[in-house]
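The structure appears below as structure tokens.
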Amino acid sequence: MKTWQTLPRSFRRYPVRPPDSGIARRKSIWERIHIDPWLLGMLLVLMAAGLLVLYSASGQRIEAVIAQSVRFGVALVGMVIIAQFSPSTFLRWAPLAYGVGLAMLVAVEVAGDVGMGAKRWLEIPGVIRFQPSEMMKLAVPLMVAAYLNRCQLPPRLRDIVVCAVIIGVPVLLTAIQPDLGTSLVVASAAVIVVLLAGLSWRLIALVGAFIAAGLPVLWMNMHNYQRQRVLTFLDPESDPLGAGWNIIQSTTAIGSGGLWGKGWLQGTQSQLEFLPERHTDFIIAVLGEEFGLVGMLMLLCLYVMIVGRGLWLATSSQDTFGRLVAGSIILTFFIYVFVNVGMVSGILPVVGVPLPLVSYGGTSSVTLLAGFGILMSIHAHRRLLPR
Amino acid sequence: MPQRPDTLKNPGQELRIFRVRALLAVLVVVILTGLLTGRLAYLQIVQHDLYSTRSEKNRVRVEPLPPNRGLIYDRNGVLLAENRPTYNLTLVRERVDSLEETLTLLVELLDLPQDDIEAFNVRSRQRQRPFQPALLMSDLSEDQIARLAVNRHRLPGVEVEAQLLRYYPDAEVMAHALGYVGRINAEELKTLDTGRYAGTHFIGKTGVERFYEEELHGQAGLRKVETNARGRVLRELGRTDPVPGKNLTLTLDKSMQALAYELMDGRRGSIVAIAPATGEILAMVSTPGFDSNQFVTGIDVASYRGLQEDLDLPLFNRAIRGHYPPGSTIKPFLALAGLIEGAITPNSTINDPGFYQLPNDSRRYRNWLRWGHGRVDMERSIAVSNNTYYYSLAHDLGIDKLHEQMSNFGFGQRVAHDVQGESAALMPSRDWKRARFNQPWYPGETLSVGIGQGYWQVTPLQLASATAALANQGRWVKPRIAMEIGGEPLARDLPDTLPDIQLDNEAWWDRVFSGMEKVLTGHEGTARRTGVGLEYRMGGKSGTAQVFSLGQDQRYNAAELEERLRDHALFMAFAPLEDPQIAVSVIVENAGGGSTHAAHLARAMTDAWLLDNEAPDIDEIKEELEADTAGVEGN
């Protein structure tokens with residue numbers, strides 16, 4: 001495989017180039033449009049692989065593949081547009097985005113649509129219908145990074161308390177919708193910012209202990225279906241026809257795939273509809289069944305390379321805000337992957353997190369690629385910043 | 001957002017911190033990815049076989065193919081038990097939009113009581129996997145099927161499935177002899193071979209259906225099919241055909257059975273007819289009968305309670321479980337016992353003053369004729385049913401020899417080869433009384449046994465088979481109800497047959513037969529009215545059994561008693577005398593009027609079997625019955 005040989009070298013090339021030589025050099029087309037070709041290339045490969053699996057997972061409905069492609073197209077255009085803004089723009093607008101997001105979360109609580117037992121959607125009838133919590137996945141880390149950008153790092157206790165409030169309010173609002181999955185994603189995206197900013201190890205240990213102590217309290221406040229998910233995770237066989245069905249069927253799908261898989265479109269678990277939510281949250285089980293361990297590892301490899309490339313871009317950013325935001329975006333991306341694959345393969349409880357850019361669905365793709373747009377903007381605009 | 005003036009940014013330090021943290025992040029990413037890789041490798045390499053099997057089990061369903069139950073015919077090939085297609089109502093919960101609405105609609109459409117909604121709700125949960133249809137109701141009527149078909153669009157997830165169900169065309173007449181099948185219950189499930197019974201819902205509960213369950217059932221087949229998660233069969237991967245159950249041909253004659261049932265005319269009682277030469281049971285009727293088809297689909301509580309609480313005990317199989325004092329019907333057997341033991345000869349006589357007294361005892365044991373029959377020999381003792389003769393004989397024999405000899409005729413034991421649930425009834429003995437009451441045997445009790453009263457109890461089947469053995473001049477043939485099983489005739493000689501009964505002088509059989517013939521044709525025979533116009537030679541013996549014992553010297557008028565306190569009428573007979581083709585026992589509960597009623601029915605049975613007449617006129621027989629039972633005739 002060619003990419004294996006070419007990629008490491010290309011990773012090395014960027015820092016070798018003087019960050020700001022001052023010498024007028026002809027900009028490449030990629031630099032002109034503020035896009036990182038390697039990251040874009042890998043994302044396109046991922047989306048292509050995703051569409052391939054989606055065709056099988058949707059029961060070979062080409063309509064689903066076309067619909068998903070259109071969404072990818074829109075999201076990619078969005079990414080390119082976002083990449084054109086300079087990071088200073090995001091820094092300026094972060095508080096506003098955060099404030100609007102917060103207001104909408106409150107609005108959802110007051111007047112939101114109920115879907116699947118949870119208030120998640122905000123609708124302006126006939127115009128648009130979306131989940132404000134989705135937007136907060138980007139707005140909260142941006143806000144935290146913007147705040148920390150003002151402070152001396154590593155952050156002092158006072159700054160951390162402020163960050164905790166910034167994070168806590170939207171996370172709580174999302175959690176009571178209730179949407180535990182998204183609230184955890186929002187929280188981790190923002191917490192990662194704080195961690196990358198240099199949160200002291202002692203505090204990390206302290207918070208860790210605090211969370212461990214708080215778990216029983218969390219349990220007491222959970223909805224029944226959330227508790228059921230946890231219980232079923234601990235023992236799927238306890239309810240094989242109900243809540244345990246999903247996890248039993250997904251591990252069966254993956255396990256029966258073996259090393260090489262049953263072949264594309266040949267997975268009996270997925271094609272015969274034993275696998276639930278096979279084109280959304282559980283799509284990786286289709287891949288596992290039809291392409292085996294080899295296919296799974298190739299996909300994981302692709303994800304890790306994207307994360308590696310993203311982290312590299314973050315590190316090579318020249319200011320704290322950019323680094324924190326870029327690092328958070330890419331690590332959150334990884335958390336998505338880990339949580340999704342972990343839950344489908346049965347080592348994490350089922351918490352409705354889609355597999356990035358593979359699961360069928362528009363909102364998450366748009367948010368993800370918007371994030372990558374910010375990442376690319378941070379990278380592509382770096383020479384302009386120090387002035 | 002402007003920087004706060006009081007803080008000094010240190011870009012170098014911040015970059016260093018970030019690099020350390022980013023490096024740690026890489027480490028975490030690598031570790032977590034390693035964890036996922038490990039988990040996936042565990043699932044896909046280490047546990048691959050387990051999950052492959054699971055996935056196959058998901059995909060491939062082994063469907064049992066239940067065998068068709070063997071059919072049951074009578075000796076002339078008339079179908080007695082068949083399998084008819086019936087229609088079941090099933091429901092797939094996953095395909096139903098609103099369970100509550102659907103069930104309400106179903107109950108409304110099918111015109112069922114509201115209680116069934118809850119029953120349906122419970123039944124809809126009884127299944128092993130999602131998308132499996134649950135059985136809500138069996139045996140839909142044509143009308144119900146039509147109504148479901150019309151409303152199909154309103155009932156997604158509701159299906160009508162065809163199934164073969166046992167059906168008995170002559171249920172009431174055959175119910176006791178044939179038995180019936182019913183749903184397998186939890187108790188039966190424990191002992192069943194689940195492989196053989198995969199997919200079978202019914203099992204023989206009583207009668208022939210129960211006794212020949214193994215032969216009738218057959219062997220279940222298998223069908224491997226690929227299904228999707230909704231349980232829809234996509235293709236068949238392989239199959240083993242079921243082995244259908246064996247057809248059964250019974251020795252019963254449906255027309256004889258129907259005749260016996262009609263002769264009983266709704267009265268409580270039983271008629272059993274046996275072909276003496278072969279032991280074939282020609283008819284075995286217990287009345288009243290019941291509709292055994294009700295039990296196949298599951299009888300409703302009200303109907304079952306009705307049958308249970310009916311004073312006539314329709315569910316009770318009198319032919320094999322009814323215990324009756326045999327009364328005088330056993331006098332020919334006692335005479336034979338006396339001949340064998342040397343207590344009497346055919347020519348020895350007694351003088352009957354109308355009663356019998358034990359030595360040193362003032363109690364008088366009465367003959368039914370108050371003034372006595374005078375000089376009585378063996379033949380006359382049978383013909384006039386003299387009690388005194390048998391008091392004397394019983395006293396001479398003693399209970400031990402009585403018990404031994406009567407046991408040789410099958411009394412007190414199960415006699416038939418393949419009759420399910422047969423009772424041994426009771427042939428009393430010293431040992432039995434000691435065990436039962438912890439009392440010694442009293443000589444007076446021997447006298448009671450001598451006229452078929454006291455503790456002695458027989459079943460109609462026992463009486464018929466003893467009569468058959470007598471008709472065979474002592475040669476025992478075990479009664480049987482199956483003639484052919486899957487085309488194979490049942491062996492002529494069956495195991496555990498009683499030893500033949502030997503007389504020192506073979507000619508004495510004719511003397512006993514002669515006494516029995518005089519019962520019907522002699523000028524003082526107790527059933528001489530029945531014997532009028534006989535077209536063949538017939539031997540028989542009448543008997544009445546007291547429902548309660550009368551005090552000494554007490555006379556009574558049958559008409560004054562409640563119907564249920566009246567005597568049972570009994571009769572045993574065989575014909576023709578020189579070459580017996582049929583042996584019959586008849587018991588009519590609370591018939592009153594002595595034994596005449598039973599004797600008429602026995603004659604109707606032998607007539608039907610021996611004469612080539614068209615079906616006998618039941619009404620004519622009934623008229624004769626009424627005329628003849630008006631006058632009370634002896635024992």
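Glycine is treated like the rest: Cβ placed from N, Cα and C.
All annotation found in TrEMBL is predicted automatically rather than curated by experts.
Residues or ranges marked as transmembrane segment by TrEMBL: A:38-57, A:69-87, A:93-112, A:157-176, A:182-199, A:204-222, A:291-312, A:324-351, A:357-378.
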Same-chain residue ranges lying at least 6 outside the transmembrane segment (A:291-312) that approach it to Cβ under 8 Å:
7, 11, 14, 36, 38-39, 42-43, 45-46, 49, 254, 257-262, 264, 284, 326-327, 329-331, 333-334, 337, 341, 356, 358, 372, 375
At least three Cβ pairs under 8 Å linking the transmembrane segment (A:38-57) and the transmembrane segment (A:357-378), pairs spaced 6 or more in sequence?
yes
For the transmembrane segment (A:182-199), could you work out the same-chain residues 6 or more beyond its ends whose Cβ comes under 8 Å from its Cβ atoms?
120, 131, 133-134, 136-138, 140-141, 143-145, 148, 153-155, 160, 163, 166-167, 170-172, 174-175, 320, 323-325, 327-329, 331-332, 335-336, 351, 353
Six or more residues beyond either end and a Cβ under 8 Å away: which residues meet both conditions relative to the transmembrane segment (A:324-351)?
87, 90, 137-138, 141-142, 144-145, 148-149, 180-181, 184-185, 188-190, 192-193, 196-197, 229-230, 232-233, 236, 243, 246-247, 250-251, 254, 281-282, 284-285, 288, 300, 303, 306-307, 310-311, 313-315, 317, 359, 368, 371-372, 374-375, 378-379
Given a Cβ distance threshold of under 8 angstroms, which distant residues of the chain, six or more beyond its ends, lie next to the transmembrane segment (A:357-378)?
34-36, 39-40, 43, 46-47, 49-50, 53-54, 57-58, 64, 68, 71-72, 74-76, 78-87, 90, 130-131, 134-135, 137-138, 142, 279-281, 283-284, 287, 299, 310, 313-314, 317, 322, 325-326, 329-330, 332-333, 336, 340
